[in-house]
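Asker: Pasting a structure here, questions to come.
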Amino acid sequence: MSLSLWQQCLARLQDELPATEFSMWIRPLQAELSDNTLALYAPNRFVLDWVRDKYLNNINGLLTSFCGADAPQLRFEVGTKPVTQTPQAAVTSNVAAPAQVAQTQPQRAAPSTRSGWDNVPAPAEPTYRSNVNVKHTFDNFVEGKSNQLARAAARQVADNPGGAYNPLFLYGGTGLGKTHLLHAVGNGIMARKPNAKVVYMHSERFVQDMVKALQNNAIEEFKRYYRSVDALLIDDIQFFANKERSQEEFFHTFNALLEGNQQIILTSDRYPKEINGVEDRLKSRFGWGLTVAIEPPELETRVAILMKKADENDIRLPGEVAFFIAKRLRSNVRELEGALNRVIANANFTGRAITIDFVREALRDLLALQEKLVTIDNIQKTVAEYYKIKVADLLSKRRSRSVARPRQMAMALAKELTNHSLPEIGDAFGGRDHTTVLHACRKIEQLREESHDIKEDFSNLIRTLSS
């Protein structure tokens, strides 16, 4: 049986699975074929359990299709292949990751002799600053479809820092949970290795520290400090834009950390290649590991966030009230939590029960602003401008894809962002019936799962209309 069997499986899995799934779960696996048993080695227990739960049938099916009755048995283990293998016998999953999800690293200098996470030394400097907020953990991060992959990737990094996903780059709009995940990773690493040097900071703090070091003729101390950490977590990396000296220093810090198997996690409000004012060599490096988007939370996740927040405050929030708020406030988690805090404060001050009518009163200015900002007319104008067509095209009977797809997108956005019924939405789109609107909504939902471009279009339009 050929040792190229796993490579054949990888090629098929890469074709069959969404790009993000393949990059996150399949690519890190290593394989060893021996005595009619194919052993798959996962970097940690989390990956092992996920692969066995989600992809066991896929892999077994491929083995059977390639080998028939002679298909090897599968065995899963945590760790790496035995080092006694010859290079020719090693079978690893070095299939190039799709560019829009993650890019494998170009050849770099050989890593230092530092072995990484089995021998983390005690902190050397008493002035070392972690800045990790202990309140932000994976346990109190509300997971939904919009952030599931980002949370899973962050969890893997916390369990195996300096491993497969280095750097990890999280991007998305304001208030979607990027900072929460940074702190959760920091807490996860320090729970596993209490002596680990984990530093969280905003990108502007890095710039300020560098300026002070230059002013005090202490740039070497600055370099030693940042290059000695075990994990560097930097928020809002887009603020490095047009700061040439800071980018130069971070470039060398980035290289030093990766060569030492030290973890880097970065966040931004946009995809790495879309960050203006940042050098191409840095943007390229941002994509060396894994890049994951965090989307605005869908309705069910917004409701879960409100219910969890209310529970943390010992407040009984009726389900219908949570749905009422979640249906009307859609842009980000911070806005949701702020609205709920306002409702709770009003209830405490007045002693009234939290009902839908009470929420309407407590949030009347906020709800009025939302309804004013997001109308079907506004959605139609925004979608037409985005796709470079005319609003009249959206209302017409034209069925060409260049018009039909934007029309479906606009209908789906109208259902998501307004409180209009399906018949009302249909009337606003040239007198179409409610079944046409329903079909459009289902079609866009399907395409968001299948097409990276449609998913990005939907997220961009939601962000524009909700801001």
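Including glycine, each Cβ sits where the backbone N, Cα and C put it.
Here the structure is a predicted model, which means the values were calculated and not measured.
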Asker: If you check Swiss-Prot, which of K178, K243, K273 turns up marked as N6-acetyllysine?
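Answerer: The N6-acetyllysine feature in Swiss-Prot corresponds to K178.
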Asker: Mean pLDDT over the region 'Domain IV, binds dsDNA' (348-467): what is the value?
Answerer: 89
Asker: Please report the number of other Cβ atoms within 10 Å of the Cβ of K178 (ATP binding site).
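Answerer: Excluding its own Cβ, the number within 10 Å is 23.
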Asker: Looking at the binding-site residues G175, G177, which sits with the largest number of other Cβ atoms within 10 Å of its Cβ?
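Answerer: Highest number of other Cβ atoms within 10 Å: G177.
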Asker: When you average the Cβ positions of G175, G177, K178, T179 for the ATP site, which other residues in that chain have a Cβ within 8 Å of that mean position?
Answerer: G172, T174, L176, H180, L181, T267, I294, N332, V333, R334
Asker: Per DSSP, to which secondary structure element type does G177 (ATP binding site) belong, with helix, strand and coil as the options?
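Answerer: Note: G177 (ATP binding site) is coil by DSSP, not helix or strand.
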